[in-house]
Structure formats: structure tokens, C-alpha cells
């Protein structure tokens, strides 16, 4: 890896941006985390609702689901407000489905009982990696919501059966980079979002050639880098919960 | 006024909640203000767009407009996301129309030139008074956007011809109260939102009997209290801009 | 008040337009009133439905609500049909919420029982003041629907606990005018819609600066004029019901 | 035809209900007709617009089109407002397409020039036959709009090349009836709407078996009756225009 | 009838296009028929669902209903996908209502029991007559679904009380033609869709003047031709079911 | 790989289902392919349109995009028609975005010129793998549309710069399987869709843990199997085009 290439913010190709996970950012939600990956800021709330969607009714199992949105001026130039347009874009729907699947992979729905943890991931400021920041923060918000349920005596054992984080990686000018910011993401040849558990197993791997198709070798290098990035995130999540 | 009545947070009947106006809260928008009235927190961004809506095309005049939204879990219990429902509620539309009118009352659209200042008011946390907080913060965001336009050399003189703030007042148990929080707002007999200029002229007065109709005397008392509240807000806005 | 200013139709600044309230205009509805304020004509029907919206189910209380619409060519130039566009404008929603609140202020929902009075206010011809005409006519339609309920033996005592009417007032060229027609409304500096009860108490006061902000003195003059106008309307409503 | 069968309102099986065509019912539209077929009342306005839909742009030809709606309480029990539901029913769309086709069949679009006559047919009260009343009234409204265009000097010769009216007929208890009211329409075996020109040619024939399928003989009897009904309507349209 | 006029495909004016009815075209549906009228190809599936729409709940009766769609490139030039536009056109709604009514005319809803036969008619390739092909194919699909219900032992006797087919006819250059293809349909003076039962009774007759209005004589000639066409279709339907 | 495990249809774990690619399935589209992967059948049409979306206007470059839909009864139990519901699901949008990206990766948009190739992928019958069948068939449809453009003389050289196919793979009971049918897909632990070029480079890799997260080793085994499957598909695509 050619470390001489300078990134806009001076960090190494295999370095994360400064990460922060502020818990209890708002006061109504059972879990509320402001997660920052550099200039990307996402407010994630986890709401406990004592009901489940129709396909889970009477199953004895709960559900975890997510919605995602960007404030209109979270981006460089203002985007239309989806509520005003009257529909969510395909991109929005892809991301919220990804967040939901990622969280369900580490929650035992039986142990959760017939209730829903509803995640809301709202991007206050965007600079690349909003979906990976959202997933990383969502896990902390879910942990807080689960702790609240236990404190309330509604569940005995925690249904949280794993730890999950996500990071983006990409090939830029032939070299793999970790945690792309917006400008890097726009200019890369291939990018990949990786959702991983703390025991180094994979929940989602989404690799996309933006320009030229990529090789198996590229894929392997990107996965190595993502693994390293996620390990840092697991430590930061644990530190946030320990406070 | 019976000052012996204790409010939930201990303040006097004619006292505002702690107010803060944090400028430059996000970095992309030309104006970006996080305004707090106690636990009510609204992120207001002002975006400058070099185009105008159809009814202003070729007029030589600009436009100022606003959109409003609440994050789903800004409230005590989660509300449905308007983007997911596919339409904005009547309440949302009323509020965004009010914010837009209030700002246009203090902007000389001719002097602004054929461009739009688009305000986005997103409630991060709600505890009553979100529309008055939004208007009060929006004026600061507009001022920053106007300053940016001047710094860019796009306009010479400022089109900002007045200062505007807004506050809610209401009759609770027969006595007028300033700056209602959510619980007071739900239980009051009459509430009024007042949008005022720094020279004590009125832009909007919206008084509503929630329970029993109110008298002219009540109306006068409420307007007096609102006037006093707005004067405090004018000073706070100026202090924020002076930083 | 300078009475020398001539209004388009020759009436005095403090005079209402010719008002009419034709009951039983259509035959299916429990209450059906064609209300005219000059050239403004609104058909108001009150429908009794033996069900309530979800938030009232099992409460033992009823509900009163309103919808509002304009026929596409009720206006000078044709407006798009809201049903064809697939959504109601913000203005439409504001008005129908206002009508509903105004009626609920004079109906004892407990005494109404678990049923709904659904108002439909459809503007056949528009010339300013459609919302005030709608409210003034709606009260008569509600009274007819209540009488029908009593005649049917469904309720014993009348749940109608007050009489309500509404009028618009505005500052035009520095002088207050009563009951603005469309052209006056477009050109005024400030206009106000006042919803009032027969015992001179206020249900709604909505004052808006269209041009320059207005003073407390202006507000007082407008309220005085509105009070006088509503007193005439109360007499006309009673006369209509007496027929 | 067994004339001993008594219809609800006492008229003969081959008699129309009382018909009225009130011109200039509202004042903004270029043509405005309140048409009544007994208790069925439809307000039809014709609006002249100096533009054409995309498929006619630059063609030198004009367009005639129609929209249709029912006020929510025009019916026995209240129907949902289509603007509130956010979409028009299939029935509404069928009817407005039928009205548009019927009018275009008697207007020379070339002679009309590149402009649109937009019809709005709003049912104030419904008692069967709203589409036939709408078509019959629409022809008068179009005639008034055409006369207005000529009076304005915008067109020289009239583009109106025929006279059109419409009536419903149906088999009830084995006998054909003219101009069905709502109750007859609901209970009939087959009903047919016929749109006809004054020279006894057919524009539309829509026959539907509601219960058992009908024979060619039934069809012939119904067409005979419809022809007779339309001839009465042509005379009434001419009389209305002569006033 | 001048048989010397040559049709594009060489057939006589009173000849059908080659018709085929392929049963079991797809394997999931209880009835699945690919019906071709020349180049017009419609896939009709009949799905049995053990539920009824609200207006039939508890009635002991079933329901038969239909939906219709065209694949975007079934047509000469691509049409917008209705799912992407977010609404079905008026034409689509007219056609699906027609198919539903036609099928209900030959199904005894009481004998069907409280279940629904849901038809889906999707046009794979369009060349005129899609609605008549759909109806003709739908009857075969319904017959298969009914046979499936009997084979399953869910119903004893067949609720199918009649046989139905449909064909288009039109006046082209003054002569009646059977089974119009797209180009003929576009250029005809009048066209008519006829839905008929095997005992020569009529379910629907929809005649429309596209250009000049048509005479009673034309109507009679068209109905004669349609009757002849439908008799051929009845034989083909029976042959298909006999395989 | 334990080859003793029997798949429902008897094929080996590393075997594709029977694949067919029928060109010219419908006659209007410039490319039209019915692709079958076993019981999964997708009709893919490629339409050439001489216009581009707004973001490409004036760029000199063309565009390739895709829409996807399932016929309501293509599935085991009927799904709601998206056109009737008024919106496309998140799944639909994800798939159509994936198909579009995959095709754009092998088309030189500059060489295509300012025109659009619009793909429509409609599932006639579904049994797992609809998106991979769609992509595999879409490449053939694009090739036919490109050949048509060349035959028409609209473009000189082919803009098709690569060959692309797609296949699904998944871990079922701890062993990797190729080309999952519906039942296998529902029951697998992890599945992956791989979009690949004929020179063994990757366009998209989407791996998802449905049950337990998967290891890097699993990922590698799945990619190996997918590579082998795609190579078979490349040969079949070439054979289809050679006919």
C-alpha cells in the first residue's frame, strides 16, 4: 500500500476518520446516539414499541426495523425533502433495508418478545459513509434500548447476540482506502460496504464497480482493510457503552 | 398574575425557558442554526439557490420559503415519518407556510435579487413551541445567509429590513404564561403564537381557544406577555450574531 | 374611519356584503346550507355518521370535523382540481382545520355521543372570505343536523353550547374595512379572520401582515370592526333558523 | 309497454323527469350551467384556456376535455372526498372520459384553434343519471363558451358542428324505462347510456347487464326509448339557449 | 359487405385473426391462459383467494374481480410503467372494471362461496383488441380455477352459469370489420366492443364514434358481425377446455 | 463439496438449472428476450429511445437504465400489483438499480451517443433468481438493440465493451450451492448475487447473511462457485446470439 499518497485530511490510506458516538443525544428515545465519522453526522434513535408488524403477529417473536433520511441541507447542495416529494428514493429504501437486516442479524427475535425496536437514522451532515455510520451507531442505540427494556423488567436476558459495525472501503487510483469521505467516494473505481460482527464474520458485503470492474485480488485487499477498520469500530462501540 | 403557581421547571409565569442559538451547527448551509427553547431543539438551515419559483421568474425579485419537519422520535412517542407516509400533514404545511410568511415580511425581495433563500427547519427534539423556535432561529440563519451573499459580492446592500422573533403564550388555569412547554400547551385553555418585529409591530397573531373561548381582555394580556418575551428574544438574536 | 373612500360595490367601510343563508339547499344531508357573502357562495353540508375517528373510539365522546374544497372554476381563472392532482394544498388543509376547530368550540362532544358530524364546505363561487362564509354557514348546518338528531330521538338535549360566526377584516390604505371581497383582500396591508361566539368571546384570531407589519392599534381597530360584523351575522343566523 | 306500473314519482315509463338548464349559474366561467334531471343537479362550467395539451401543441387544433366530481354529500350516504383520498376512482375517470369524447364529437377542433375548452362537471345532488345530465348540460355550456369566443372576436365561425344530449334507459321488471332515478338504476336488469346527436346519430352506446344478460330485442327497445328521450332534450337545450 | 377490400393480413372483413388459448401457461395460478388474437397476446391468470372484499364480508357470497396491465414495451413505442408513475390510467381502470363485470355476469357468487377469483390480465404484446382477448381468455382461466376448486373439494357444483366471450368490431371506410387490429382500430370511424354469452345474450355493448357519429343501421350491422365472431370464440374456448 | 445431498430437481450442488434465452420473444422492442433459469421466466425488452435523462442532456453521452416488475401471480401466492398500490417496493427499486448499473458497466456511453437503452424486466414466473436471470437476459437484449442501432446506421462501432452475466449462490446446510431456486433461497444461511464480466472481473458482489453470519472462507467458496456458473452463462449467451 503506497502510504505516500496524501488524503485530503492528511490521514493514512488505512486510517479511519475521527469517530465519535455520543449517547443520550436526545431525551425521548430509549436509545439515542449521535454518531460521527469525520464530518458525517447521523442521529440514530431506537424506539421500543409494544407491537409488531402483521407478519410477526402471534409469533412470539419481535422485530427490528429501520428508517433512514437525510435532512435536505445535510448535503453540499440542497436535496429535495422526501416528505415534500411524497416518496422515498430507491437509495433511501436500499439503505434502510440494509440497516434493518444488519441489526436483525445480531438480535434474537424470540428473546426480544413480541415488540419492535424501530430505528430512525437521520443524517444531519453528510460527507460519505452515512450508511456505515448509521449501522455502527445503530448497534449502540439498540444496546441502550435493550438495556432500557431490562431495566424496566420487560425482558430478563438480553436478546443481543452479537456486535456489529460497518465500514466503507474503496479502490482509488489503484490503491485500497478505508472509510471514504464524499469526494473519494465519488471518484473511486470500486467501493464496498462491509457489515461485520465482532467475531469477524460477515453480515453483508456489497461491492460495486463504479468505473471499471474489479478483480478478486482487489476484493480480497478491500475485505482485509474493512476487517481492520471494523475492529477499531468494535472497540469504540464498547468504549461508548462503558461510559 | 399569581406568581405563586409553580411551573414544572420552576420558572416564573412570565419567564422564557433557557434559550440558545448555536450558529454554524452544520457546515454545508449558508446559514445553519441550532435553536433551543428549553428541551425544544430545532436545526434551521438557510440555503441560497440561484433560482426562483415560477411565479417570480423574470420579476427581478427573489423569494424566501420554508419547509418544516419533525424527526420521528423527536416526540414523546414516535410519530410516523412523513416521507414514508408519502405526505405532509396539515399541521406541517401550516407551520412551514407561517415560517415562510414571517421571513418574507422582513426581507426586501427586490434587494435580494432573483434568488431563493430556502429554509429547512427540522425538529430534533420537541417539547412545545417548535414553530416559534423555528422562526426565531430562522431569522438568524437568514441573517447569516445574507451576510454570505454580501461576502460573496453577489449583493451590495442587505435585503434584511427588519428583525423578527416569535413566542407562544397561553392561558393556563386563568393566568397567562409565556413560552409554553409541551405539557402546558396540551392543557391550556387558549394559546397564541405571536410573530413580531423589533419595532413592536405584528406580523402574525394566531390565537386559538383550545377549551373555552377567550375574552378581549385575555387577548390583551397575552399580547402584552408575548411582546415582553419577544424583546428578550431580539436581544438574544443580536448577541448570537455578534459572536 | 374615512367613510368617503368608495368601495367597488358602494358599501361603507364597516358594512357587510349582502348575506344569505339558504337552508335545505340539497336534500340528502342532515344539514345543508348555501351561504352567500356577496358573490362568494359556499355550499355547506353537515352529515351525521354513527362512528368516530380512532382517537375517540370508546371515549363516549363524539367528533366534529370539516373538509373544504373549491370547484375548479369557482375562481377568476380556473384552478387545478385537487382530486386530479392527488393532493390537497396547504391552504385547503389550513382552512378545513380552522372550520373543524371552530365548530368543536361550540359543541359539547360528550352530549353529542359517539358519532361524528362531518362538514363539507364546497365553494361554488369565490370572491374573498370563503372561510368566514363557510364557518358562518357551518354553524347553521350543524344546528340543523343537531335538530335532526333530536327529532330522530337519538339525543335528548342539544349538544350545541354556543353560536359562532366568522368575518374577515383588513387594513386597506390605512383604514380598517369589514368583510373584504377578493380584490380588497389581495391589496390589503394586513388582514385578519376572526371567529367569535355570540357572547363576544373569541375562538380564533388570525391576523397576518401581507405587506408591512401592523401595530397593536391596528389590531384593536380590526377586532372592534370584526365584533360589529359578527353581531350582524349572529342575527342573520338566528333569522335563518327561525324560518 | 305496461303503463300501469307506477314509478316512484308517478311519471310514465317513457317520460323524462322535470329537466331544467339554468345558464350563467356562476359568474367567472365562460359557460356555466346548472342542469337538473329531477333531483339530480350538476353544475357544469366551461372554461376557455389559451393553451392545449402536449399532444396538440403546434397542431393548429384545439381540445375539449372534461373533469367530473361528486360533492361528498351529494349522495344518500356521504362518500369520501376524492381530493382527500388522493385519487380519483375508476368510475370518475370513466365518466370524465365519456363527457370529453362526447363533446369532441361535435366540435371542429381545427375551427376552435389552438385553445382548450375545459369542462368541469360537479354533482351537487345525485339521484341517478349524473353522467347524462352532465353531457346534456355540457353542450349548453360549450355553446355559451363558443359564443363568448365569437363575441371576443377570437374566432370567426362557430366550431360547434352538432348538438348532443344523453339519456339513460333501463329494463326494470322486464319493461324499458326512460331516465332512471337512483333507486330504479340500482334495481334494473340492464341499463344503457346513450349519447346522441340531433340528427339521430349515435356518439356512444354503453349497455350493461347488471343482473341477467339482455337480448337484442331489449337493446332495440331501449334504443328506441333513448332516441325519443334525446329528442325532448334537444328541444330543451335549444329553448335554454334562446333565452 | 365489399369483400374486395384487402386487410393488411389478407383476411376477409368478417374473419377473426388466428386465435389461440394456451392453458397452464404458468404454473402457480389456479387458472393460467395465454390468449392470442393475432399479434395481441395477453397472459390471464385466475387466482383463488379465501377472502372477499369488505362489501361481501359475511354475505355468504364470493367475488370475481380483475386487474389489467400492459408491459411497457408491449406497444409500438414504449409506454411508461404504471407502477413507476404511481397510478393507473383511466383506460386501465375502465378495462379492468369491464373484465370484472363480464365475468361476474356468468358466475353465481352464492355458489362460489365466500372466496374471490382474482383475474390478472397482463398484455405481453399489443396489436388491438387487448380487452376482448382478455375477456375471452379470462373465461377459460375462470373455468380452470373453478375446476380446481371442485377437484379440491372446496365446492360441489360449479358456480359457472354461462359462457362468455368478447370481440371488437368497427366501421372502416363505411364497411363493418371484425376483430380490429391496432392500425384498423386507430383509423376507424366507429368501434364497438361486444361481450356476449353463448346463448346470444348481451353482457356489455360499448359503441363509440371515433370520427363521425354512426347510424342505427351501422350499429345493427356491427352487432350482427360481433355475434358471428363470438360464436367462433365460444367454439374455440370449448375446444381449449376439452384438451 | 458433499455431492450426496439431493436437490429437489436432482441436480448437483454446482449445477445450473436448465437455462434458455429466447430472442425475439415479442416483436415491437429492439431487443426482446425470454430468459428462463428453470421455472423462473423473465421477459426482458430493450427499447431504444432518442432522448436521455436530464443529467445527461447535452453531454454527448447516452444512458442505459432498467425497470423491473413481477406479474402479480408470477409467485406462489398472489402479490399485490404495484401499479394498483401506487408505488414500487424497496425490493423492486433495489433490483432495477442493480440491473441498470450492471449494464452500464459494459456499455461505452460516449459511443452510444445521446440516446437511451431502456430495459424492462418483467417476471412472468418466479422460482428464485429473478434478478440474476434478468441481468443475464438483459445483456442479450442490449446486444440485439445495439445490433439494431448499427443496422439502422445510427451508430458505427458497437458501444458494447464487455459481456456480463449474473448468478446466485448460497450456503445451504453448510455447503455452497449454485443457482438457488425459491425454496433453497428461503432456507439458506447466506446468499450472494454475483455480477461478473467474461474476463472474470466483478461488477457487483452482494452477499447477505439470512441466518447466521458467514466466514471469509464461505465467501471465497461462494465466489468460486459463482465464477464457474457465470462461465457457463457466458457460453449460453454467445450461443443464443449466434443463432
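For all residues, glycine too, the Cβ spot is worked out from N, Cα and C.
Those TrEMBL annotations? Automatic predictions, nothing curated.
Residues A:129, A:130, A:131 are recorded by TrEMBL as phosphate binders, and the candidate that the same record lists for that site, out of A:81, A:91, A:104, is A:91. Looking at A:30-50, A:51-71, A:72-92, the range tied to region 'Disordered' in TrEMBL is A:72-92. Neighbour counts of Cβ atoms within 10 Å were taken for the binding-site residues A:91, A:130; the minimum is at A:91. If one looks beyond the region 'Disordered' (A:72-92) by at least 6 residues along the same chain, the residues whose Cβ comes under 8 Å of a Cβ in the stretch are 123-126, 182. Apart from A:91, A:129, A:130, A:131, the residues listed for phosphate, the same chain places the Cβ atoms of A:68, A:95, A:123, A:126, A:128, A:132, A:133, A:134 within 8 Å of the centroid of those Cβ atoms.
Sequence-distant neighbours of residue A:129 (phosphate binding site) (same chain, six or more apart, CB under 8 Å from its CB) are A:37, A:38, A:40, A:167, A:168, A:179, A:180, A:181, A:185, listed in sequence order. Under the three-state DSSP scheme, residue A:129 (phosphate binding site) falls in the coil class. In the structure as shown, the Cβ atom of residue A:131 (phosphate binding site) sits within 10 Å of 25 other Cβ atoms.
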